[in-house]
Amino acid sequence: MALKILERIFGDYSAKVVKRHQRTVALINSLEPEMQKLSDAELAHKTVEFKERIARGETLEQILPEAFAVVREASIRTTGRRPFDVQLIGGIVLHEGNIAEMKTGEGKTLVAAMPLYLNALLGRGCHLVTVNDYLAKVGRDDIGRIYRFLGMSCGLIVHGLTSAQRREAYNCDITYGTNNEFGFDYLRDNMAMHPQDMVHREFFYAIVDEADSILIDEARTPLIISGPSGKPAEMYYTFAKIAERLKRDEDYIVEEKEKRVAPTEEGIAKVEKWLNVDHLYEGENQQLVHYLNNAIKAKELFHRDRDYVVKDGQVIIVDEFTGRLMFGRRWSDGLHQAVEAKEGVKIEEETQTLATITFQNYFRMYKKLAGMTGTALTEEEEFRKIYGLDVIAIPTNKPMIRIDHPDVVYKTVKAKFKAVADDVEERHKRGQPVLVGTVSIEKSEYLSQILTRRGIPHQVLNAKHHEREAEIVAQAGRFGAVTIATNMAGRGTDILLGGNPDFAARQRMRAEGYAPELIVAATDIIPSQDPEVQAAREVYLQYLKEEEAKCAEEAEKVRAVGGLCVIGTERHEARRIDNQLRGRAGRQGDPGESRFYVSLEDDLMRLFGGEMVQNLMNKLGIEDDVPIDSPMVSRAIENAQKKVEARNFDIRKHVLQYDDVMNTQRELIYKQRRQILEGHDTREVVLDAIAATAQSIVEEGVPEDVYFEEWDPSILVALAEDNGIPKGAVNVEDLKAAVEGVRREQEGREKLAKVIEQAAIRAYEEKEARLGAETMRQLERFLLLRTVDEKWMDHLDAMDDLREGVGLRAYGQRDPLIEYKMEAMEMFNNMIRSIQRDMVRNLFIFEVVREPQRPRIMIESGSQGAAPRQPVRAEGKKVGRNDPCPCGSGKKYKFCCGRAANA
């Protein structure tokens, strides 16, 4: 209410921004006739002219109108598309470092071209971040034509590229890629052993496509590079059997809202008896608690065909936001192994973290960050507080005429799905295309069975049928089409009324026996010189023309019956996910409808607010199959969603507070590591380490609780030798002589440390003279990098353990976050001291020998901090020319990324 009053007084912020930018748009439009007169060469030369003007002191803001006008004209000449005025406004919003909320079908891909071109004029590299390899490649190939026409290079970062290919892509003016690949490259750079292995440039400017998905949904998802930990797999099978024997609410408690489980006293007693151990929570047995909790979580919180599927003997995660199968990703902390044990499939080895960063901290490294999405306003506060980004709603090019019907609420799931089937059947008879959104594979298959029994032809799109995703979604707007889809339906593929002529033309070519790779090459944006491909392209263009005529005719029939109808079978936790589903209908001014069917047995209502409504319905004696349409129920649903959104925001904010501590430490370690890698003077680092080691030897050998007169010099000699200082370098006589006549204990300790330090430096200089300065620097660099990596890896594990246990401090009336910060700093300081001591020890012990280097085994992963982690495994196999391209486009490598690699 207060917000509405403020809006009436001060006006809507987005509307003010849009109005302000309309003056710039008018200026861009006034330049259009001038741009149209330029030849291709003259238009392309504008890039050189802009760079010269910037070198003379002009700002990007001064150049913006002309640069946008140039990109608009280049787009017309290369892609045949002219950016609308609202797209120009979106481009300005992105240049200013904001989130542009643009509805589905409004051409976000083209919008990004203008600010990317403008910022790339500075020569510092700009990134366009997408959610998958396919969209990154389509963007690079399609919009990349504009950049190349204007004399700018455009690179692509996808899975399966070599370091050289990645470095080349990053050195381009503009680079398209996925959030995972950008993040992993950053981590890999900070694990590199040679400068030439590093690929990233500076973090200058990035536009994040589907910003809500990457910056909000995956904000708690750490990217993890990990290696084998060597833990046994048998225990997971043992505890899977134990979990099956335990009873819910009697032997353990499940908190579904928090996704937590806790064994009861009765349950613990049973487990101790079955395992024949005395105390489950003491000593070495504590590791068993980890196995037990994971086994119970796997049993109660992770369900087959909802959270994962079992395919070819493997447990494959289903993305909760998109419904896609996440091949190669694994939950960490032993959870994936527990699910594998529950399903009785082969358990893969557990891993240990080598390097990690969350998307929140990765994207906050950019000097300027912007984003595009169809749904962001509901998360406006989070974008502003976490990333410092304002959300600006961009008006649609044509008025939105979609009809959004009020929710229909039923008591039971069964009654709800019957009503959905009735609605689908009635619309199907009229020929109106229907897209039904479900929240899980299980629900989509349940509805499919109902429609099959009624004889309604339909397509099912879920994680089990992901291979045909784009094809099924593209034809969901045909006359009479019925499509059932999980959340994956939507992003990346437009639903055109009357069907998609491009997909229809491809289908005809497949039916006539054209090879799949030939169809891919013939329909590629990049023209081919191959005569066979050119002939196939002629056929494709002919079929495309015919299908366009058919689809246009069918589109009119669909518009006459109301356009695409979107039916949601359940409200999602976040309103924006519901809005994404609604947004599939009514694109670009098309007619359309949407309606949500809800039951009080749905997870959202069951966990977050359906009890009051349930009690009211029971008191009124409302039957299961009688729908409710009441403002009170609608408010209850909206309040439940707001409650969950606020809770999830708090979780992400809480995670960030903890991760900021780790982030500060990460930046310090990576900065020092990079300096070593780039050839900074390692001798100074070693001398500092020797001084620190000498100090720690004295602290250990002459502790403060020992009278100085009672100290034993032989202990210091032994400690010096334990720390790698050559035997005889430190002797008892020198130590005694150093403190002779000293009265103050502190002064005595300082003198002892100086004796040990000088002895170590003499030994160090002798080794340097023997090996030569250059070899010594190489040895130092290698040992420093190796020691830092090993200690950092151990530190990550220790910080994870601290994070898991620190919450219990709240029971002692202590703030867990403050406790975490204090202990984390102490642990970090201990790690630095440990690095210094190990470095000194190894430097004296190691001798230079020529030996082949063993490859490091690495696994890349993404995970969720508060939610279970989801690692991604990286295969090191070389891709053959005729193999399927690893980017997921469906093309052969030689027709896809291989073309860019060999260009």
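Glycine is no exception: its Cβ is also placed from the backbone N, Cα and C atoms.
Annotated ATP binding site per Swiss-Prot: Gln87, Gly105, Glu106, Gly107, Lys108, Thr109, Asp494, in sequence order, evidence recorded as sequence analysis. The annotation Zn(2+) binding site is assigned in Swiss-Prot to Cys885, Cys887, Cys896, Cys897 on the grounds of sequence analysis. Swiss-Prot lists 872-881 with the feature compositional bias 'Basic and acidic residues'. What Swiss-Prot lists as region 'Disordered' is 861-883.
Listed in chain order, the extra residues whose Cβ falls within 8 Å of the Cβ center of the ATP site residues Gln87, Gly105, Glu106, Gly107, Lys108, Thr109, Asp494 are Met102, Thr104, Leu110, Val111.
In this structure, the binding-site residues under consideration are Glu106, Asp494, and the one with the smallest number of other Cβ atoms within 10 Å of its Cβ is Asp494. Taking the Cβ of Lys108 (ATP binding site) as centre and 10 Å as the limit, one finds 21 other Cβ atoms among all the protein chains shown. Counting only same-chain residues at least 6 apart in sequence, those with a Cβ under 8 Å from the Cβ of Gly105 (ATP binding site) are Asp494, Arg587, Gln588.
Most Cβ neighbours within 10 Å among the binding-site residues Gln87, Thr109: this distinction goes to Gln87. Counting only residues at least six positions away in the same chain, the Cβ atoms of Arg81, Pro83, Phe84, Gln87 sit under 8 Å from the Cβ of Gly107 (ATP binding site). Asp494 (ATP binding site) falls outside any helix or strand according to DSSP and counts as coil.
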